[in-house]
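Residues or ranges marked as [4Fe-4S] cluster binding site by TrEMBL: B:CYS636, B:CYS642, B:CYS676, B:CYS680. Annotation source TrEMBL lists siroheme binding site at B:CYS680. Residues or ranges marked as domain 'FAD/NAD(P)-binding' by TrEMBL: B:1-300. Residues or ranges marked as domain 'NADH-rubredoxin oxidoreductase C-terminal' by TrEMBL: B:316-383. Per TrEMBL, the feature domain 'BFD-like [2Fe-2S]-binding' maps to B:418-465. Marked as domain 'Nitrite/Sulfite reductase ferredoxin-like' by TrEMBL: B:555-617. The domain 'Nitrite/sulphite reductase 4Fe-4S' annotation in TrEMBL covers B:627-763.
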Amino acid sequence: MSTTHTTTGTWFFACKTTDVPTNGGVCVKYNDEQIALFFFARRNEWYATQNLCPHRRQMALSRGMTGTVQDEPKVACPFHKKTFSLKDGRCLSDEHECSLTTYPVKIVDDRVYINVAEIPVMAEV
Amino acid sequence: MKVVVIGNGMVGYKCCEKLIARSASSPLELVVFGEEPRPAYDRVHLTSWFDGKTANDLLLAPLSWYTDNGIRLHLGDPVMQIDRTHKTVTSYKGITEPYDYLVIATGSAAFVPPVPGMDKKGVFIYRTIEDLEMMKAYAPQASCGAVIGGGLLGLEAAKALLDLGISNTHVIEFSPRLMPRQIDEQGAAILQHKLHQLGLKILTGKNTREVMGNEAVTGLQFADDTILPADIVVVSAGIKPRDELAKACGLATGPRGGIIVNEQLQTSDPFIYAVGECALHNNMIYGLVAPGYEMAEVAISHMCSDHKAFTGFDMSTKLKLIGVDVASFGDPFPAPDTCHSIVFEDKYKGTYKRINITPDGQFLLGGILIGDAAAYNLLLQTARNKMVLPANPEELLLGSRGTADNGAGVTALPDEAMICSCENVSKGTICQAVTDGHETLDDVKKCTKAGTCCGGCTPMVKDLITATMKAQGKYIRNVVCEHFAYSRQEMLDLIKLKSLRSFDEVLDHYGSGEGCEVCKPVVASILASLWNDMILDKGNDTAQDSNDRYLANIQKGGTYSVVPRIPGGEITPEKLIVIGEIATKYNLYTKITGGQRIDLFGAHLSDLPDIWEELIAAGFESGHAYGKALRTVKSCVGSTWCRFGLHDSVSFAIQIEERYRGLRAPHKIKSAVSGCIRECAEAQSKDFGIIATEKGWNLYVCGNGGSKPQHAQLLAADLDSDTCIRYIDRFLMFYIKTADPLTRTATWLNKLDGGMDYLRNVVVNDSLGIAEQLEAAMQLLVDNYKCEWREVVENPELRKRFSHFVNAPADKDPTVKFETMRAQKKAAEWK
């Protein structure tokens, strides 16, 4: 869905669409960064965020369960079930928690690209 | 059709209401004659007139209701004559009205015993608002009161005297106890004691011989020559049917009064009906409003060519007498050889409860409640609907121990159960009204009329509203989450009904949105509990909680722990060596768990399939330590080595563990088997625990360690191994079927209505008739068991999912860090 983003940064090839489980996530390596990539098959939407959960600084978000709250896409960290919006990265279950960095995603044929224009900033705890 | 109704009391009014309701289909001319100066009012709540309610408040319908519905109402104008030949009636004021059908609803008058002096000033009857007005006018000059009659009405009248400020009031009853028709001696004694505490004096076994005084009453003289001073006397010794009109026109009447009617409420003249307290049905006069309303319904429907019958009515009743609850229902005192009675008496609090049950303990016949009648509605329904009693019927009186839930009682009632007997409203009607959107008590009352008469059923109507809304996921949000408006139990039933096999299918059928971290694991667990398919198949992998999705427990730092199954804690030296070798090879921290197994920590995600490949090759299988599933069956060493052991607890533990391995449930399940009473396996702290006895096995269930420890309770004793397993099958499937998500067996039992006795009844006595079904459901799961790690190891597609980077599968997560402690590694501390 994020193909409509108008971005100026670099699109890098992450993986094939078939590499990502339906309604689930994977972790993508980009240089020294880890990016969590999520596929919402029922609405054909893709999202990408930092893989690091800011709560306990664990590289785990790509293994979290995805879902919605009032139609807003979210992911729950497998460690302590903090949930984060995939639209803007804010923490939905704890307003004092840091937000996630999000990245635009675009699909070309069966290939998934992530835009890393903004230098990803690790959220400070 | 032209109908004339004689009498505008509660039942006469009900006839009008019923006729108007049916007049839409055929034109109706309705004329009503009433003796009293005001339209029908609520005589049941007559005493509330003293609490400040006005006569207008008590009206069943305002005058305008009659006009609006085209009813010609003549008040203060009693009918004096019925001419059956010409089918007319003539009133006191000389109005003559012809009729097609005539309804006599003249009610009753107070029965005044034939005692000299009843005509003296200061002697009143207690029947109409006019009577109350006269009493009120006379009361200021009186200081000691007496009520003749210690029945329902007599005690109401005594309350009226107290309300009028006459605190020195005696109730005089001819029979040896109060309310002889409704309650037994023991109950009457408690009631009398209680009323005495409230300042009312009671004299029983007193036969009034004369009302003393010149013009005005000064006292009562009794047959035993004693005298009671009194300057105001209320007579409330019973009722006398008003049958004089009927007698005069030659209708058949009973020898002691009452107009004889058949089951359609027709008198000896088929065009004339009699209803209410003036009607004599099967030698009975019904002095309560509920049967009167039922008569009105039957008579009017017969008039309109419907076929209903009045076949008698039970005289169950509940009221508050001067602040004391008194209820009597069904058969309050059957002959001793036809029933057993359970009696509870608390002289300190002044409560008395008696229930009469059939000799086989199956059904409730009736009973008496004094001092606390909160259980009245439920008991009445239990008796009326012939509902099978719990194994310990005393719980009906005392409540089941440990639970405070009384909502489940209403939900168990059948739809036909009559909740409001005054207005004839069934449970089904009330629930339907709630479903249609009438979600407040007032709305339901308005729309169904339930609870609008005596009000006794109001608590039950409330419970039904709550229960119905709850069932729709509206009131108490017991629903799974925003995506599914069902409870877990409902979800399980629905999924089973449609044979759904994937989270997506379930969401399509019963959900909305995308699901979330709450509903996904619930559905995934239900699917596993129903079918035992491979949990990573059919797109269900992403519906699993993270640990289930990777078939391992995520630990600090993002690595995983591996727990192979070691059934009963028994392991060969060769297998121990394999575990040691694998731990060394993959650099894993090893620890013995509380459940007699070995946990291997610190495995990278991408190493998991390789580790398991080696474990499986050595004969291990998944231990399901990552799932809400059967974990371990712990055992003591048992009779093979132990000098105290009675049976081979290790063999039985292995048999049990292998039967239930992989069983997924609302929460994790732990078990243990002890070989003797010393209980070294700590079976009584487990979800189900087994302890050897001389004769077999004792089966304990619903124990829990954890933050709120709870001992398991004995479910059944001295079982042979096969029976023990059958009971465990039933117990586990019943738990899986009914528990809320993430509820351990101990909590589940604590919330279960009826507690352990109920559970035992279901599991051991098969009280729900589902034992076979539960056993079959379990057998299906047992037959479908496969080691899920073996399936992953053998399936390259599934193996692919166990890498940290999708675009660099060979790389491990570089952020994982370990430290060293006591010659092993540990996860780096998180910040």
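Yeah, the Cβs are placed from backbone N, Cα and C, and that goes for glycine too.
Caution: TrEMBL annotation is automatic and unverified by curators.
The structure, with features from TrEMBL marked on it.
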{"residue": "B:CYS636", "record": "[4Fe-4S] cluster binding site", "DSSP (3 states)": "coil"}
{"residue": "B:CYS642", "record": "[4Fe-4S] cluster binding site", "DSSP (3 states)": "coil"}
{"residue": "B:CYS676", "record": "[4Fe-4S] cluster binding site", "DSSP (3 states)": "coil"}
Interface check, the domain 'BFD-like [2Fe-2S]-binding' (B:418-465) with the domain 'FAD/NAD(P)-binding' (B:1-300), three or more C-beta pairs under 8 A: yes
Other same-chain residues whose Cβ falls within 8 Å of the Cβ centroid of B:CYS636, B:CYS642, B:CYS676, B:CYS680, the recorded [4Fe-4S] cluster site, in sequence order: B:VAL637, B:GLY638, B:PHE644, B:GLY645, B:SER649, B:SER674, B:GLY675, B:ARG678, B:GLU679, B:ALA681
Binding-site residues listed as B:CYS636, B:CYS642, least Cβ neighbours within 10 Å: B:CYS642
Around the Cβ of B:CYS680 ([4Fe-4S] cluster binding site), the count of other Cβ atoms that are within 10 Å: 18
Packing count at B:CYS676 ([4Fe-4S] cluster binding site) (other Cβ atoms within 10 Å of its Cβ): 19
Number of helical, extended and coil residues in the domain 'Nitrite/sulphite reductase 4Fe-4S' (B:627-763), per DSSP: 52 helix, 33 strand, 52 coil
DSSP residue counts for the domain 'BFD-like [2Fe-2S]-binding' (B:418-465), split into helix, strand and coil: 25 helix, 5 strand, 18 coil
Against chain A, in sequence order - binding-site residues B:CYS636, B:CYS642, B:CYS676, B:CYS680 with Cβ under 8 Å: none
Model confidence over the domain 'BFD-like [2Fe-2S]-binding' (B:418-465), averaged pLDDT: 82
Tally of residues which DSSP labels helix, strand or coil - the domain 'Nitrite/Sulfite reductase ferredoxin-like' (B:555-617): 32 helix, 14 strand, 17 coil
DSSP-assigned states of the domain 'NADH-rubredoxin oxidoreductase C-terminal' (B:316-383) in counts, ordered helix, strand, coil: 11 helix, 33 strand, 24 coil
